[in-house]
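Down below is the structure, laid out as structure tokens.
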Amino acid sequence: MSSCPWTNKKEEGKETACVECISGTIHAGLPQGTIEPLYGLNTYIVGNRTNPRAIIVIYSDVFSHNLPNNKLIADSYAKSGEYLVYMPDFFEGDPLGLNLADVLIPTDAAKQSVLSKYGGLLAGMPGYLMWISRHGKDKTHKACVDWLQKLRRSDEVKGKKIGMVGMCWGGRFVFRAARSSESIQLADGKKVPLIDAGVALHPSNVVLPEDVEGLTVPVSVGWGEVDIVTPFKQKGQIEEIMKKRAEAGDPPPEMEHKVYTPGRHGFSVRGNPEDPAERKALEDSVTQVLDWFEKRL
């Protein structure tokens, strides 16, 4: 059975996700969760609230809750009934506007004309740069770490592990949350990492070696061969950093690297379900997450 949560068919009697201004770029489907305030951030919540085996936290791409695809991905992680899935709005009510979705990551790049591509970039760039200025590394890192600390210290997590998934913008913060420098001390005096395992899919803005120094929990990474935003060469750079760490007598945590072909940027979130290769990437990236957590949470 396919693990892909997206369909292009409208469910009878149900309203499917649709935004006309970027028609054709959003996957159809009705999200099953709810948005509720949690630890200071509006959070999309779906899954087993009674007795989950573990908790999965999603740090989405820049479109956050505005993009239905992100909610459908959370639903796919929760489908088995094993996990409680949280997707906080780490942009604190200020995600990037959906009007830029097709400009930055078109669903069907082959059909995007040069005029529409560069015309869209010119029109959208001022707004994009203003948004970037409001979400610098320090601010976004603090929002993420503060929320994870509250989750880790909460009663609901006692005896349960936390997995974190980050796509695009959020991928970098999986690495950062997995570092030993972010470990915290609990009320009982025990020092623990913020998360127990992570998955970073086409992570953007990664700074090496800074973002992977002191990794302390297992991390799986998904790379796209033709990703023009996330340099594919970073895969080899991270592998070399971990190799040198091991040679220095400091064994790194387990790491996995999966390569997607063709792997356009955003392949796990905004791939075209009507394109066989891109649909496979959508499905396989969900499987990558669930397989990794099945063994480590």
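Placed from the backbone N, Cα and C atoms, the Cβ positions cover glycine too.
Note: TrEMBL annotation is automatic and uncurated.
Residues or ranges marked as compositional bias 'Basic and acidic residues' in TrEMBL: 246-259, 272-282. The domain 'Dienelactone hydrolase' annotation in TrEMBL covers 42-295. If you look up TrEMBL, you'll see 246-282 marked as region 'Disordered'.
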DSSP puts the residues of the compositional bias 'Basic and acidic residues' (272-282) at 7 helix, 0 strand, 4 coil
So how many of the residues in the compositional bias 'Basic and acidic residues' (246-259) end up helix, strand or coil by DSSP?
2 helix, 5 strand, 7 coil
